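Visitor: My questions will all concern the structure given below.
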Amino acid sequence: MGQNLALNIADKGFPISVYNRTTSKVDETLDRARNEGNLPLAGHYTPKDFVLSLKRPRSVIILVKAGSPVDQTIAALSDYMEPGDTIIDGGNEWYENTERRLHEVSQKGILYLGMGVSGGEEGARNGPSLMPGGSYQAYLNIEEIVKKVAAQVEDGPCVTYIGEGGSGNFVKMVHNGIEYGDMQLISEAYDVLKNVGGLSNVELAEIFSEWNKGELESFLIEITADIFKVKDEHGEGELVDKILDKTGMKGTGKWTVQQAAELSVAAPTIAASLDCRYLSGLKEEREAAAEVLEAAGLKEEVGTVRSGIDKKRLIDDVRQALYASKICSYAQGMNLLRAKSVEKGWDLNFGELARIWKGGCIIRAVFLDRIKKAYQRNPNLASLVVDPDFAREMVQRQAAWRRVVGLAISAGISTPGMCASLSYFDTYRRARLPANLVQAQRDLFGAHTYERIDRPGAFHTEWTKLARKGDTHVAALN
């Protein structure tokens, strides 16, 4: 990824130096620079030669594994850097590490940015979405470069100054959390269509290709259609069916869910996607459980449900359910960003975040433009769910959404992401919830008190005494 980003920068006409501890990586980058148009790229084999090759004020982008390797790289480079120079960490780093490093290097007069980079290796080479946060002066030092290197959409390059401190890394973390949710929801749509609808991979490729021409148009829908088309070169059928059903992860999804819990922000779709990755890793346990439960009498209901399916209606219902579920997932991510922005005083511009995600990044999608406009209409929007346009669309799709979830449950097909999104929608839209009973339980066993809907103040009731003796003993706490 670092190699591709360096080549992208050189391709835009900016002379660049590269360094890697592994000399063969430097040589490989030099070869590619020559083969891809004699790009203005120079290779160096020591930190000193690398840093001193740069014109002041220097700007150094590092792309190494998060954690201690970043600290080690900074230590190796900063010995030769001077006040006014800039270090930009382009990895998926924990935002508090970025804030610590920003403070540490500032003691030497060095500026620092934590810059989220989304788009994978292809995006790095051809135009990623960039999320730089930290020193504003550091951003100004590289603004001309990143605006040309980033993906370009109709309303500008997919980069903006995010804010102070570790805001850039935090925004990228939440972007990845939304990505987890997106991928999980798509996999559930696939599961229902394949196992309840009985659709082949050829049919699925056609369906996802068609969906990519409408409201679901996005990078992930596009590549999903492509995946279904790839044949297995080592056997019959398509490659997707031969892939072990265990999903890997690198930590940003877990961080997102942890931060949602810390900030008391509901993010059930993202959390469900993380749980599914954990459960996917229990392959041997799942296989054993399937045998045990089958022996205990559990029968598959998929065949029974499939026999009465109208495939055309199912396909359209799943499309609508996927779209509505995605809105909830994005709403959860944006609400988490809002909560953190308030806590840290970052003053994040949510419309601008949606704009820079429209191109280059993994979650790029046509409906991000509508999210941008929603926040432009109302910068203080409580949730995407209550934006008039999105609210109308969700209401229009809820019947199909409920049919898909109900059908999946009947067939024994797990759709935790769609279920979580629908439950989130139903919970958020209700003016009154059964939380009154939970609070009464808390007051009974822990004297946590409760509020009333008909009078102010905090109250505590001797619930057990009242229930068993029939007398009333309520204390008002002022």
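First residue shown is number 1, and so on along the chain.
Cβ coordinates come from backbone N, Cα and C, glycine included.
Fair warning: this is a prediction, and the values are worked out from it, not measured in the lab.
Features from TrEMBL:
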type	residues	note
BINDING	ASN92, SER118, GLY119, GLY120, HIS175, ASN176, TYR180, LYS250, ARG277, ARG442, HIS448	substrate binding site
DOMAIN	168-464	domain '6-phosphogluconate dehydrogenase C-terminal'
ACT_SITE	LYS172	active site, proton acceptor
ACT_SITE	GLU179	active site, proton donor
Visitor: Spatially speaking, which of the binding-site residues ASN92, GLY119, TYR180 is closest to the residue listed as 'active site, proton acceptor'? Use C-alpha to C-alpha, please.
Guide: ASN92
Visitor: Please identify which of ASN92, HIS175, TYR180, ARG277 has the densest Cβ environment, defined as other Cβ atoms within 10 Å, among these binding-site residues.
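Guide: Answer by Cβ density within 10 Å: TYR180.
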Visitor: Let me know the model's mean pLDDT on the domain '6-phosphogluconate dehydrogenase C-terminal' (168-464).
Guide: 95
Visitor: Let's check the environment of GLY119 (substrate binding site): how many other CB atoms sit within 10 Å of its CB?
Guide: 25
Visitor: Any idea which of the recorded positions LYS172, HIS448 has the thinnest Cβ neighbourhood at 10 Å?
Guide: HIS448
Visitor: Using a Cβ-Cβ cut-off under 8 angstroms and a sequence gap of six or more, which residues of the chain neighbour the residue listed as 'active site, proton donor'?
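Guide: Non-local contacts for the residue listed as 'active site, proton donor': LEU220, ILE362, ILE363.
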